[in-house]
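Asks: Submitted below is the structure of interest, expressed as structure tokens.
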Amino acid sequence: NMAEAHQAVVFTLNVTNRGVRIEFDRAALRQVWQSGLRAYKKRCARLRNRLRDGVYPAKPSSLWLVMLLMISAAMLGSDLSFGFAAPLNRAVQRYLKVVPPHDTYVSYMVIGITVWLTAAMLHRWLIGLLLSYHGWMYESRGSVSLRTRLWAASMRLLVGAGSGNSRVGLYSFQGALPTLPVPALSDSVRRYLTSMEPLLDDTELVEMHRLAKEFQSGVGRKLQFYLRLKSWWAPNYVSDWWEEFVYLYSREPIMINSNYYGMDCLFVQPTRVQAARAANVTWGLLQCWRRICREEMRPLFAGDSERDYLVHLKDTGHIAVHHAGRYYALYFRHNNRWLEPHELEAQLQQILDDKSEPAPGERQLGALTAGNRSAWALARSLYFSRGVNKTSLEALEEAAFVLALDDEAADYDPDDDAKLNRYAKLLLHGDGCNRWFDKSFTMVVFANGRLGLNAEHSWADAPILGQIWEEVTILYDQSGSCYNSDGHCVVRSSSSPAAELPAPVRLQWALGQACIETIDQQLQIARNLINDVELHLVVHNAFGKGAIKACSMSPDAFIQLALQLAYFRDSGGQFCLTYEASMTRLFREGRTETVRSCTIESCKFVRAFEAGIATNAELRSLVRAAAERHQSMYRDAMTGRGVDRHLFALYVVSKYCQICSPFLDKALKSQWKLSTSQTPHGLTGKLDLTRNPELVSCGGGFGPGLLRRLWSVVHHRWRGHHLLSHQQPGQLPADDALETASAPPCET
């Protein structure tokens, strides 16, 4: 721990002509003792959580009740073991050397534990069976079938209070969640062909049907068999490959192409003091992290240069702070307690007041994480594997998260759209070197107290971080009790004077000329990407989802149809393959699935709307048919009946087996020209925008390179593997090296 490294030595041993003298540093000894005690408590807490989650919803305390009941019955002469106690008594006497009558008590304890565990596992299995039912999602609003009513009653009976149960831990339901089912091959192929009908001409459609038929009757059966084999032993047949090949094997920059951003509330700002806002939200995020580590947060109901690796840290005591091109480690624990927000504010103010210059190359250091991944991996092994650079890089990467304190202000001005656009671009990519894009997330606090985040994509999708962001920045930070009248953090309790707190530690770097040249090359790649991005945010306030729901229509379907109409007009009467992300968190280790939003029904509506000859009644009929079709596909995606993850997994199997499939090659090379996603408010279940509409956020977004990254990486992994080894540090593969992948999509 770097904090302990800066403390005095625990003891010194001095040998003099007068003898041996040992001097102890009590403060250092106390730090060592507290660190060991904290580690012991965490191990005990993890063991307790595993036991609780392993048998949930059964109560561990009920085990003692069962054993007491069995032993009491035995003492009263009753046999509740159905004859199993007698042979077990003989075994206990023989092997454990327990004499009567204690052998009977031991036997009944063993039988009681066995009965309890069997009942707990049966209970858990029944919950998993009920969670596999998704019929409720397909029922019309206001109409609930008898089957769904019985299902809901059974869930209440087996789970009890559910979300209201104080014993529910973060992973209590994880073991009961069903595994993601492998769809039938014929169903996925049929859905794929249906989705391509409005996008292909007659000749192309006939050819695709031919390839699909050959695939189904040929290699598709073999690939499907292997995929089903994997689904029998893996918790999720696609998530590990999706994470590995889409996120970790890609050598393209993750800035813009993968990372996403999130924004602050638009219409309220609790303080304009940068250090105070940064300290308070940092404290809130650390409390969320603490609850996650303790598994107290409630679950939501309803070195190789060829790839990157996710590193999970069990514990840390600091965050990393970036300001004016300098990096710091700020420790949030002192004297066996967590610092309060006002104490963190004082620490951050020290960083803001620091006028020292960055070390040579330090200002642009973050560009290493913004450019080509292979170049960064090579630079890491050459320049950051030893000495002070290794120590500082470890401190940065082992931080809970990165806090970026920007000297630039960002804001929303209803009379100036450019300000909001600039705000979003600063969060999406910054200047290419003032964000550490490898970190799980970087919280950005601007000079005027506005904030946002930039999140790395591989570890979690946007709704996961959205839940934490809503919990901290809206429900906690906007509560009205965090800041005083001057905008500074409220002093909540008596604490140590600022002079006694550990000062932020400036990270040191020794970056040689070769390393700086690599940094400059990576920065140029980042700037080229930044200059190629146009970003415009629109604040729509004419009506909201309430008005759409009043028309008995899904807001998501409404927006998707509006996007199809807009693209049709903008492209001169063309439709395109459209990507919308859907969550598959109803299943164990579920992530996302694709909803193909451009459908036959949506195209009929758009053409009729633009032709201008259909009556209002006809248009209403067409728009409802298109909306219902979209909702049906969205439900299919959420319940494991999507198309694209299944085809993706089949493609991975085909490459492992070295099997060529023209159908899969053609299907996965289709160009996604329109990418859409939505993460709604209210993920915590605690935010009521009807009562507090001012707490609405501008949400967040992805860069326009995401879809190219999604579908090109698999092709490039197998067919372009030999090209990467010949690239110079900081250089991307030549254009002809990417011919095996799909052409870059033109996303909106």
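In case you wondered, yes, glycine gets a Cβ from its N, Cα and C as well.
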Asks: Looking at 680-702, 726-748, which stretch does TrEMBL describe as region 'Disordered'?
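Replies: Matching range for region 'Disordered': 726-748.
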Asks: Which residues, sitting 6 or more apart from His457 (active site, proton acceptor) on the same chain, put a CB under 8 Å from its CB?
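Replies: Once residues fewer than 6 apart are set aside, His457 (active site, proton acceptor) is near Tyr247, Ile254, Ser258, Asn259, Tyr260.
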Asks: Can you give the mean pLDDT for the domain 'Carnitine O-palmitoyltransferase N-terminal' (2-48), rounded to a whole number?
Replies: 66
Asks: Sequence-remote contacts (6 or more beyond its ends) of the transmembrane segment (62-85), Cβ cut-off under 8 Å?
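Replies: 104-105, 107-109, 111-113, 115-116.
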